[in-house]
């Protein structure tokens, strides 16, 4: 944006309509925190957020701000947020004719020999006017004189130089002193002027002044030349001889920059050599105007004037400067490509190619630099960001100019990446196996599942819960509960192996992000059997407190099958291994019980007319502690009793294979369990 304002405008005056020129609504400016930043730290302007206009903050003085520069522009930066934007504003300060011309001295004394020929010129001091353009000095006027007239020469830089020209021969005896008035007029409206009194003394003799050849010259000099470098040697001649032809040189100082170039240049008063006295800096001043007076030693002395313009050639002696105007940190990891991260300004005090600056960042970073306008860049995202791979970036911006040799500067800053909930929790294993005793108390710890989430903060805060999978008739939550914070599974009630041998417990883990993400795993809980069921005798079925009566032939031989005790145990494994035995007091009886099959056989020949025998058979399991049951048998020998017990009871005859049936069943169960565990491990490995 470019505006212009006269330098005499009152503070608070409107400079430009920012809202209109930026194309934004006035009511949005306050919310976007519109603010103005002046380069150099000077606050000449302010923003009226209510009206959306740029206001003058203080009275401007163009001459104080820009000196004699033909253009006077103040550079501002407008910063708006949400989104972050930077606009450049240039305000041209227009000159107002507020300064009158002024001569360095109010009175000028000149001397001229009476033998001076018509056409002789007497240089005068140039009047100074801080105003520029049409408001600067436009003309000179000299009061009417019979002998003198005014002549104007234009210097190489366009400055008008007044000179008094002798038009008629002088006669010192008639008029020894001439009094004139020199007036300088500017081109403003209204016109302003300044005057100086000119007193001319007419002298005798020495009638040839020193002459500078050329009277106006230009020298080009690199800014980094060593102190003492010869700038030029003035070529001045005087046609007189002797003392009238010997000259002394001196600087001619004006009030434009009093004594300024004297600190930088030296003049040999005898030879007229001009050399550098101090270091020269193109950035401070690109050119110097030097006026030299050559005065001979005649009586009266005569003067000649040389004007030298020293123009400096820029050398790449300034490194670029990097200014981080704004930085948005942290930035979300899901920021779209092209998101503005930072606003960066660069400047180089050199000129031409030496002041052309290029910015660079490392190519492997997911960012790029975009030129907003001259010497201003935006750092934007150039690819996807992933906080889980890189939580931040150390970004180094390098500025390199186009000079020879090149000069560079770099600036580093840290950009933090903010987390987004883009990762679901992960179980260490999708399938797990746990075991619990069947009569464990409610609240017993069964298993602990663990999950991890690469996100951070609330996005990585996990909670566990049990899902209802619909595989059991009763919800699994009636059997188990889970600690939502640490994933530990507890029993809700005592479990019964005989009712449920295995449970599939589906676990869900969910993070606290928005939206929340989750994953599931299954824990197979196997209930371990306990010896909590005593054996049950199913044959013979005898009411409690009664005895079972069995008759056998009186002449039964040893090995004769009397009967068979059949018992079962609701437990499993070794808890269901049953053994049969007679109580200790039955050792003298002529019968024996097969330990594993429960068959009762005649152990020795029976005696004739033998009384009935009472046997107590005990059935005991293999659990710890062992549980048992017993049955009372009364066996009566009878002479006429003939009975095939196996056929009458329809029981299979004892086989040696029956003895090891339970053992085979246990071995089969163990084998199946091992195969299942191997299958679960293979499935889990493939899933991972």
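One-based numbering along the chain as shown.
Using the three backbone atoms N, Cα and C, a Cβ is placed for every residue, glycine included.
Curation plays no part in TrEMBL annotations; they are all automatic predictions.
The structure displayed is predicted, hence computed values, not measured ones.
Features as listed in TrEMBL:
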| type | residues | note |
| --- | --- | --- |
| DOMAIN | 4-103 | domain 'Cadherin' |
| DOMAIN | 104-212 | domain 'Cadherin' |
| DOMAIN | 213-322 | domain 'Cadherin' |
| DOMAIN | 323-427 | domain 'Cadherin' |
| DOMAIN | 428-537 | domain 'Cadherin' |
| DOMAIN | 544-654 | domain 'Cadherin' |
| TRANSMEM | 661-685 | transmembrane segment |
PLDDT averaged over every residue in the domain 'Cadherin' (213-322): 86
Long-range Cβ neighbours of the transmembrane segment (661-685) (under 8 Å; 6 or more residues past either end): 429-431, 433, 524, 572-574, 576-578
Leading stretch by Cβ pairs under 8 Å, where the reference is the domain 'Cadherin' (428-537) and the options are 104-212, 213-322, 544-654: 544-654
Residues of the domain 'Cadherin' (213-322) by DSSP state, where helix covers H, G and I: 7 helix, 49 strand, 54 coil
Secondary structure content, the domain 'Cadherin' (323-427) (per DSSP, counts of residues): 4 helix, 55 strand, 46 coil
Counts by DSSP class (helix H/G/I, strand E/B, coil) across the domain 'Cadherin' (4-103): 13 helix, 38 strand, 49 coil
